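Let me begin by presenting the structure, written as C-alpha cells, before commenting on it.
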Amino acid sequence: MAPPQAPANGGAAGHGGIVNVNGGGVDGGAAPSPSEAESNNGAGGRNGVGNSNGVDGGAAAAANGNGKQRADSRRKNKKKKPAVSPKDKYWTPIDDEEAAAAVEDGGEDGRRPLLFRTYRVKGILLHPYRLLTLLRLIAIILFFIWRIRHPHADGMWLWWISMVGDFWFGVTWLLNQVAKLNPIKRVPDLALLKQQFDDLPDGNSNLPRLDVFINTVDPINEPMIYTMNSILSILAVDYPVDRTATYLSDDGGSIIHYEGLLETANFAAMWVPFCRKHSIEPRAPESYFAVKSRPYTGNAPDEFADDHRRMSREYDEFKVRLDALFTKIPERSDAYNAEAKDGAKATWMADGTQWPGTWFDPAENHKKGQHAGILKVMLNHPGDEPQFGAPASAANTLDFSAVDVRLPMLVYISREKNPGYDHQKKAGAMNVQLRVSALLTNAPFIINFDGDHYVNNSLAFRAAMCFMLDRRDGDNTAFVQFPQRFDDVDPTDRYCNHNRVFFDATLLGLNGIQGPSYVGTGCMFRRIAVYGIDPPRWRSDDFKIVDNTNKFGKSMSFINSIPSAANQEWSMTSPPADEESIKEELDSVMKCAYEEGTEFGKEIGWVYNIATEDVVTGFRVHRTGWRSMYCRIEPDAFRGTAPINLTERLYQILRWSGGSLEMFFSHCPLLAGRRLNFMQRIAYTNMTAYPISSVFLVFYLLFPVIWIFRGEFYIQKPFPTYVLYLVIVIVMTELIGMVEIKWAGLTLLDWIRNEQFYIIGATAVYPLATLHIVLKLVLRGKGVSFKLTAKQATSTVNEKYAEMYIVQWAPLLIPTIVVIAVNVGAIGAAIGKAIVGGWSILQMADASLGLVFNAWILLLIYPFALGIMGRWSKRPYLLFIFFVIAFVIVAGVVVAIHVARTGSVRFHFRHSGGASFPTSWGF
C-alpha cells in the first residue's frame, strides 16, 4: 500500500463545497478527495472550535446545526479508499507487522502506540538506483586506472590538475550518493495521535506543552507584515491553546515591532476564532485572502460568506494600521519631545513613557547594539476551560457563541545589547529565548521560525509530535525537521529557491541514517537536547540531568527548570512576568554578561561564531547521540519568502557555503565521536566540504581560454577514449538522476534547476567562500559575516516578481560573467577557425565535442544570464539572439585576424578543395 500523505485540511470535512469568494457564496459542488476525507476524519474532531479549545467537535457541529451532516460525511469517508499521490506510488510500508502488533496490544501496559508509519522505496526503483550507483563507481575507477596508465597530454601540469580535480569530483559524488542509498519516508498518524491524547473523558488534551520561537531584526528588510502573519498563523494553529506559548525576539529593539505586535494581538482576537469556526487553511491572512476559492471544510457554511467579507475588511484595516505605525510613532514622539523641552529626541510609547529600546534618532543606550533588555507579555497564559465568544450583534456581525475565543500566550523579547559584547546574531537571540521561555513556560518542546515563515498547515505541530511521542524511538529523537517551501517564487523557480533535490531527496536519504540536518527554520526540538543532555540510549546508570550547574549560568531558577523540561508530560502555569522575583530572574538571563563562563554557544543552545549556526547546532546534537526525523506533509507544513533577486540569492548562498567550510575545519565531522553514525558523518562531510569542488570546476570552465589562443590543446591523450569515458560517466549520472526524480517525487525542471544553480554557485560564490576561509585559516581572521537577506514586501510592489528583474551589480557577479564570455568566445572562435583553418574531419569532430561542452556550460548558466539582463529577461529569446550575435562577432574577428596575416581567406576543408577570396571583399 502506498503511504497516505500526511493529513492536510486541518479539520472536519462536514461540507465538501468550494468557497467562491468572488461570488460571495458557497457552492455545494466538489466533495473532498478520499485522502482529504481521511485526513479530516483523523485530525479534525474538534475543528468547529479548533482542536486547541478542549471542546468536542461533535458538540460544536451540533451547535452550528451540522451535527447529522458531519456524522453522515464521516461514515461515507470511511468507506472510501485513500487516493494514492503520485509522490507516493513508489513507496511501500516496512512496518506492517509492528503496526499490527501495536494495534493488538492496544497500548496496554502503558505502551504508547505507533504514531507514524515507515516506508521505503519499492525495489523496482531502489535496486536499479543502487545498481547504477555501483556501475558508475566502477566506471570512475576504471577511468582513473586508464588515465594513470596513459599520462599523456599537451601539458603535464594540466594533466596533473585535471587528475586531482577529477579525483575530487569522484570523491564528492560518492559522499553525496551513499547518503541516499536507503531513503526512508515516515508519515505521521494524526488520527491515532488525536485518539490517544485528545479524546479524553474530560474533554481536555494530554499533548505536551510547546514553546514557539520567532526571530526578526529589521522591520524594513524583513517586512513587518510577514512577521505578524507568522504570529497570527501560530496563534491560530490546531493545538491545545493552553499548551502553546509564542516568543517573538526582536533583535533590533524596534518600537515598530512592539506596537505592531500589540495591533496583531488585538486583531488575533477576531482572526483566530474565525479560523476555528470555519476551519480555514492556511491561517496566515495574507496567504489566505490571496486565494479566491478553496474547499470549505468548516461547520457553518451559511455564515461563511458574510464572515469572510467582514474579516477581509478587518484585515485590510489591520494592514493600514501597521503601515501607519511608521508615521504615527515619529509624530507622537515629536509631540512628546516638544513638550519635554530637554533637547533629547526620544522615541515615546503610547502610554507616555520613553521606549527602552532603539530610538528613531539614536542616542546613548538607545541605539542598535546598545539598549536595555525588554520583555512584555502581550497575551497572558489562558485558563484551562473554554471561553465561548459573543453571539452576533449589530455592533459585531461575527457569531462566536460556539467558538472558544481563548488565545495562546504571546511574549515580546528584545535582549540587552552592549557594544562591549559580541551578540552572536540569531544564535545569541535564540539562546536568550531559550532561557526566558524556561522561566515562563518551560515547555519540553520548542519549534522555531524565521520571521518570514508562517504555518501553512494548522496540523503541522501535531504531525511533529507524532515523531516525538512514538514509542519506538521517540524518546531519542532530538528534532523533527520540515522542508522549506516558499511563496512568491516565479513559476519556473529560476534561482532554485525551492531546492527540492535537497529537501525531497537528500533529506529522505538522511532520514534512513541518523536523521536530517537542521536547516534553521520549521524545526521542532526537544528542549533537553538543545541543552546538550545525552539521549536515553546513551545514559549511564548514574546519569544526572544537570551534572554541572556552572555551564548553565548563575540563575538558579533557570537551572532548576531543566529537570522539569525532561518530563514531556509536565505542565506548568506561567507565573506573572511582572512579579518582582521572576522579573529579576528574567532581567538576569537577558543580560549580555549572563553567558560569561558558561557553555552557551558551545555545548548548550545554538552554536556561536559561525555563519551556519543551524547546521552546526544540528551536528552537535547528532554527535551527542540523538537522532532526528524528517516530516513532509501536504499541504506544506510551513511556507516563507525567498530572495528572487539574483544578487540577494547569491549573497545567501555565499553565507551558506562559507559557513559550511567553516564547519568543516572547525567541527570536522570525520573526527566526531562514536555516537555519530558513520554514514551520518559521511553526509555531514559532503554538506560542509562541497565548496572546494569549485576550485577545480572553475578551472575546467575557463579551460577554453587556452584553446582560443593556442588552437588544439589536449588535457588527455588519446582524446577520443577520454571523451568516451566522460560520456559514460555523465550519462550514468543523468540516469541516476532520473531514477531519483521518480522516488523523490521531483520534476525534471527541479533536477535541471539544481544542476544549473550548482554551476552558478560554483562560479560566483563558492570560490570566494573558499578563498575567504583560506585567508581566515592563514591570517586568523573572522569567518563569513552574516548578511540579512532582504525580502520583498508584497504590499508595496505593483508588479509580481518585480525584484527578479532588478539588477544589483556586485563584484561576485564578475566571475560568472567571465565564464560566459570565455565559452561564448570559444564557440565563436571555433566557427571562425572552421571557416579559415582548413580542418580535417577528425579536427572537426574534436572541435564539435568542445562546442558541445561550451554549449552545455552556457545552458547551465542560462538563469544567471537572464538575471543580468534585467527587464529584458522577460523575453528569454533575446538571450539566444544575443548569443548568436556574439558568436558572429567573435567569428568575424578571427576571420579578420587571419585575413590581416595572410592577405586573403580561403574557405575549405582539407582534401575537399575550396574557394579563395581577395581581401578587398572585406574579410
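Placement of Cβ uses the backbone N, Cα and C atoms for every residue, glycine included.
According to TrEMBL, the feature active site maps to Asp251, Asp614. Per TrEMBL, UDP-alpha-D-glucose binding site is recorded for Glu222, Asp251, Lys425. Annotated Mn(2+) binding site per TrEMBL: Lys426, Asp450, in sequence order. The feature compositional bias 'Low complexity' is assigned by TrEMBL to 49-67. Residues or ranges marked as region 'Disordered' in TrEMBL: 1-91.
Ranked by CA distance from Asp251 (active site), the binding-site residues Glu222, Lys425, Asp450 have Lys425 at the top as the closest. Across the annotated binding residues for UDP-alpha-D-glucose (Glu222, Asp251, Lys425), the two most widely spaced Cα atoms sit 15 Å apart. Neighbour density around each Cβ, counted as other Cβ atoms within 10 Å, peaks among the binding-site residues Lys425, Lys426 at Lys426.
A Cα-Cα distance of 10 Å separates Asp450 (Mn(2+) binding site) from Glu222 (UDP-alpha-D-glucose binding site). Taking all protein chains in view, 23 other C-beta atoms sit within 10 angstroms of the C-beta of Glu222 (UDP-alpha-D-glucose binding site).
Residue pair Asp614 (active site) / Glu222 (UDP-alpha-D-glucose binding site) shows a Cα separation of 19 Å. In this structure the alpha carbons, written CA, of Lys426 (Mn(2+) binding site) and Glu222 (UDP-alpha-D-glucose binding site) are 14 Å apart.
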